[in-house]
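**Q** Below is a structure I'd like to ask you about.
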Amino acid sequence: MTGTSPAVVSASKLGLTFQTNDGPVQALTDVDLTIGKGEFISFIGPSGCGKTTLLRVIADLEKPTSGMISVNGMSPEEAREKRAYGYVFQAAALFPWRTIERNVALPLEIIGLSKAEQAERIKRTLELVNLSGFEKKYPWQLSGGMQQRASIARALAFDADLLLMDEPFGALDEIVRDHLNKQLLELWDSTNKTICFVTHSIPEAVYLSTRIVVMSPRPGRVTDVIESTLPRKRPLHIRETPEFLAIAARVRDGLRAGHSYED
Amino acid sequence: MTWLKPSWQAVLVVLLCLIAFALGAMSKPEAAALAQPEASFDYPYLVTKGLMFGLLVIAALVSMTKLPTIVEALVLFVGAHLAAWLLITGINGFEGTALAPYFLLLAAAWLLGWRCVAVLSSLRPVANWARTALRLIIPAIFGAWILILWEAITRGAGIPFILLPPPSAIGVRIANSLPILGADVQQTIFKAVIFGYVVGSGAGFLAAIAADRVLFLRRGLLPIGNMVSALPIIGVAPIMVMWFGFGWESKAAVVIIMTFFPMLVNTVAGLTASSHMERDLMRTYASGYWQTLFKLRLPAAAPFIFNALKINSTLALIGAIVAEFFGTPVVGMGFRISTEVGRMNIDMVWAEIAVAALAGSVFYGVVALFERAVTFWHPSVRGG
């Protein structure tokens with residue numbers, strides 16, 4: 001799959017070492033990864049394995065200390081300045097002084113779209129995440145799940161081909177999470193975006209991804225990359241099929257091989 | 001006994017009335033009249049004495065029966081305030097002659113007022129207008145009783161005028177001196193305070209942004225700012241008078257110096273109030289410095305900035321008034337206070353203090369209202 005489409009993200013020998021008061025911490029070592037257009041990639045691993053750091057390096061929120069990385073064939077910094085990606089954080093990070101509508105408009109104001117264009121995109125993306133009718137509400141008037149959906153709408157309104165999501169549903173309960181997972185898959189299927197998704201949930205990773213990158217800590221590294229054999233259209237009950245469970249078992253094996261289950 | 005609902009205030013009122021009745025004479029002239037029944041002395045409460053006792057006791061007793069709360073509050077309100085009014089008007093012309101029963105009755109009336117506020121505070125009305133009314137009525141009764149006690153004690157005990165004039169005398173002074181007070185307010189508040197406040201706060205705000213933008217200012221100016229904001233800046237007032245002359249300009253200069261540093265320190269603190277995640281978000285949009293400042297950091301800093309504006313509203317008034325003690329043309333609130341104290345016109349001093357308190361409250365209130373409108377989203381304003 002990666003050979004047939006142009007690489008959206010391509011990393012080789014990528015490493016990042018944080019200098020802390022307790023000495024250097026190797027957050028990432030020797031990461032080799034190529035992500036093709038239209039893929040849905042999950043990064044999974046225990047906390048401290050560098051999965052969020054890797055996403056932040058792609059987004060140019062952290063600078064690597066060794067190795068090479070390119071995003072859309074450019075350096076991450078150039079890609080960020082060209083607004084190549086939308087980023088969804090662990091928390092919704094909506095501005096409480098703006099209505100949902102104005103929050104979604106925030107990136108559009110920054111890139112300087114016309115009012116008409118803004119209105120059109122706000123309407124379209126809020127429909128996409130099922131938040132029509134809540135345009136004039138403030139974030140603190142909505143539930144956590146709706147807030148996170150609004151933040152996804154904000155990232156989509158940007159209309160970049162690459163969507164970086166850092167445990168976007170980590171703080172939500174399982175029922176809401178199932179629902180949003182399903183919506184996210186439908187969205188990915190209909191828009192053909194490339195999605196990089198950080199999670200620490202094995203079922204979530206298997207359900208969503210076309211490829212699963214298994215990572216482990218101390219030092220943060222990639223221990224396995226698993227191709228999903230599941231079809232593109234995935235109803236929720238696919239999670240009870242033997243095929244699904246086999247992939248989940250492989251992910252668990254990968255985590256165990258990386259000593260992720262040891263103290 | 002299901003129709004009874006005792007309260008300690010009401011029981012104490014009845015007790016106080018009984019003691020006061022047993023003690024007899026309310027004032028020295030009445031005691032003299034009782035001692036010499038054949039001589040005809042004029043004394044206070046000739047007619048109203050029984051009325052006051054009756055009012056207090058009946059109001060206390062009625063309040064202890066099972067009445068609707070609003071009726072109970074009304075009975076207490078009328079009893080307390082009518083008795084207090086009779087007490088204060090009755091002592092007119094006999095200031096300083098009050099005996100123990102006078103103060104006992106005052107205490108009894110006060111207890112009824114207390115009970116009235118307590119009953120009103122326990123009300124939980126549903127309608128919006130009723131809640132608003134209660135929010136105004138309760139502090140109004142509270143404030144009124146400070147004035148009532150002040151008036152009744154200063155007049156009953158005959159406290160010397162230059163120590164503490166009764167509020168009625170201060171009120172009369174205010175009413176008779178409106179042109180002078182108006183000129184003083186014009187000079188001190190509308191010239192020195194407003195100008196100094198706007199320029200000082202504005203300069204502090206711009207300096208904070210400059211310090212945020214330019215690294216050496218942040219490293220150099222901020223520690224100095226923190227130090228200077230701890231200094232008693234009012235000490236520079238005589239120097240400002242030497243530099244800028246006796247007019248309002250020197251007072252405005254003191255206000256500018258006093259308001260500059262609180263705004264600087266608060267705004268700088270506020271500019272770091274946005275979270276890492278929010279700043280990362282702006283970074284992913286490739287947002288420039290000014291866009292991030294106006295769309296994220298300044299709105300997030302608004303609660304801090306309004307805090308400084310509120311602090312400054314009181315500092316500015318203090319600064320301008322005290323600065324006038326060090327030299328001024330023959331007008332201004334600080335000038336009036338310092339000269340009238342010298343001339344023993346204490347009621348005029350109190351009149352100026354009352355006007356300053358009113359002006360300060362209005363000033364603070366306007367800033368606070370503006371704050372509510374701008375930072376409606378902040379948990380401290382929206383309540384949760």
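In case you wondered, yes, glycine gets a Cβ from its N, Cα and C as well.
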**Q** When you get a sec, could you say which of B:11-31, B:74-94 is annotated transmembrane segment by TrEMBL?
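**A** Here TrEMBL associates transmembrane segment with the stretch B:74-94.
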**Q** Checking distant contacts: for the transmembrane segment (B:74-94), what same-chain residues at least six beyond its ends satisfy Cβ-Cβ under 8 A?
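**A** Counting only partners 6 or more residues beyond its ends, the transmembrane segment (B:74-94) has Cβ contacts under 8 Å with 27, 29, 43-45, 48, 51-52, 55-56, 58-60, 62-63, 67, 102, 105-106, 108-110, 112-113, 115-116, 119, 141, 144, 148, 151-152, 155-156.
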**Q** Counting only residues 6+ away from its ends, which parts of the chain sit with a Cβ under 8 Å from the transmembrane segment (B:133-153)?
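**A** For the transmembrane segment (B:133-153), the far contacts come to 77, 81, 84, 87-88, 91, 103, 106, 109-110, 113-114, 116-117, 120-121, 123, 125, 159, 164, 166-168.
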